[in-house]
Amino acid sequence: MRHTRFHPIKLAWITAVVAGLMVGVATPADAEPGQWDPTLPALVSAGAPGDPLAVANASLQATAQATQTTLDLGRQFLGGLGINLGGPAASAPSAATTGASRIPRANARQAVEYVIRRAGSQMGVPYSWGGGSLQGPSKGVDSGANTVGFDCSGLVRYAFAGVGVLIPRFSGDQYNAGRHVPPAEAKRGDLIFYGPGGGQHVTLYLGNGQMLEASGSAGKVTVSPVRKAGMTPFVTRIIEY
């Protein structure tokens, strides 16, 4: 999907308010690298049955549920803007898409700001490896099994779900979920990635050389200076504005 233009963004759909996250567009600044945050290992979920067919069915069911949850959140967001996407009878999007409806281009900037507010509402929430659902913090796996919180990819997935945009769970997949943009052209709301193929960490760009992240080294959701060391060649733009 590299360099594919998502214009306008398909939906499938938010809450939360936080002030004080800086507005502006700036080139990511140099800073010392922090500890990379790992994403979930490619292992079968602890709750999934061992039979391959049962595992596949459980995965499909989880995907359908995530799609419907995101669609409902997106309807709430656009409804708040006075945009009616249809009643309960409107068909749900297929698992192969992020939604049956689209964010109007005129509302894209509002959507980006809502994504940032939704992520910012989780400031101070603990870091939990594998943690985070579309609806909020959750227990993770392994080292995060007893901690309710977010890991890096779980936080950004939660943030975008609020406006009806369903992105993949793993940061390496999130890297290819939108249009790739040179870091010098980064805009507020773009995703910044670290490690080969974006597989080691993801953050949400705020502008002015700052980013919002679920940080393993800080142990919580926090705002940090953008680190250039280990950054991927491109940032990813999920919502065009």
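Using the three backbone atoms N, Cα and C, a Cβ is placed for every residue, glycine included.
What you see is a predicted model, and the numbers here were worked out from it, not measured in a lab.
Pulled from Swiss-Prot, these are the features on record:
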type: SIGNAL; residues: 1-31; note: signal peptide
type: DOMAIN; residues: 109-241; note: domain 'NlpC/P60'
type: ACT_SITE; residues: CYS152; note: active site, nucleophile
type: ACT_SITE; residues: HIS201; note: active site, proton acceptor
type: ACT_SITE; residues: GLU213; note: active site
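Of all Cβ atoms in the shown protein chains, 28 besides its own fall within 10 Å of the Cβ of GLU213 (active site). A sphere of 10 angstroms centred on the C-beta of the residue listed as 'active site, proton acceptor' encloses 28 other C-beta atoms.
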